[in-house]
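Copied over from Swiss-Prot:
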BINDING   Ala7, 13-19, 62-64, 84-86, 118-125  NADP(+) binding site
BINDING   Asp29, Met30, Ala31, Trp32, Phe33, Arg34, Arg78  substrate binding site
DOMAIN    1-201  domain 'DHFR'
Amino acid sequence: MLALVVALASHRGIGNANALPWPRPLAADMAWFRTLSQSIPLISPDRIALAPSASNAVVMGRRTWDSIPSRFRPLANRINVVLSRGPARSTENTFFIQTFEALDSLPLPPSSMTFVIGGRDVYSLALESGRPHLIFATEVFESPECDVFFPHIDWASYEKRDITRDVSRLIDRTLASAFYSPETATFTENGTSFKMFLYTKPETR
């Protein structure tokens, strides 16, 4: 199954000038992405749990790949898949493909998850593919200047679930203690507040 992972502003902006639109990276959100993308989500009516997995894939566009500092590429403990029109050589843990459909030809274990992590065009391809999917969204309560926005979708066709409390339990405890407020079930870093949500279609439950 596909899972889209995105951090977006109140107006659905996801980027500005080839960078995230918030002044500083959000440590708790980054920790959640790292933990989630190395796990299989176990979703029950009352909680979210994670089962570790070293065979998941992260799918991204070439600009997203290039935006990752070289010392962190490829993303560890995950199969990295980069959609790129230009020529590039695949390696043991990184595959360069030219179409979204080429995912089906990659040696991904059937039990693995495929996490789509941006940018906008890759999100669009995932949504247009018709594949069952989840959306893990970190929603930032700000509307900063953005020049890239998440694709338009009918959000009302998804069931929205606040998983912020679950995330506070699943990420590094030091980060949770520093940035999570149990009273409001909200993370706040450097004056920026945000929550995590899971969007599901009824047919993917």
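A Cβ is built for glycine as well, from the same backbone N, Cα and C atoms used for every other residue.
Since the structure is predicted, the reported quantities are computational estimates derived from the model, not experimental observations.
Cβ packing within 10 Å was compared across the binding-site residues Arg34, Arg63, Arg78, Arg85, and the lowest neighbour count falls to Arg85. Between the farthest pair of Cα atoms in the substrate binding residues (Asp29, Met30, Ala31, Trp32, Phe33, Arg34, Arg78), the distance is 18 Å.
The secondary structure of Gly119 (NADP(+) binding site), as reduced to three states from DSSP, is coil rather than helix or strand. Restricting the binding-site residues Ala7, Arg63, Gly119 to those with a CA within 10 Å of the CA of Asp29 (substrate binding site) leaves Ala7, listed by sequence position. Among the binding-site residues Ala7, Met30, the residue whose Cβ has the fewest other Cβ atoms within 10 Å is Met30. For the binding-site residues Trp32, Phe33, the greatest number of Cβ atoms within 10 Å around a candidate Cβ is found at Trp32. For Gly119 (NADP(+) binding site), the count of additional Cβ atoms within 10 Å of its Cβ stands at 21 [all protein chains shown]. In this structure the C-alpha atoms belonging to Arg34 (substrate binding site) and Arg85 (NADP(+) binding site) are separated by 27 Å. Most other Cβ atoms within 10 A: among the binding-site residues Ala31, Val122, Leu125, that distinction falls to Val122. The Cβ neighbour count for Asn18 (NADP(+) binding site), using a 10 Å radius over every protein chain in view, is 12.
The CA atom of Val122 (NADP(+) binding site) is located 18 Å away from the CA atom of Arg78 (substrate binding site).
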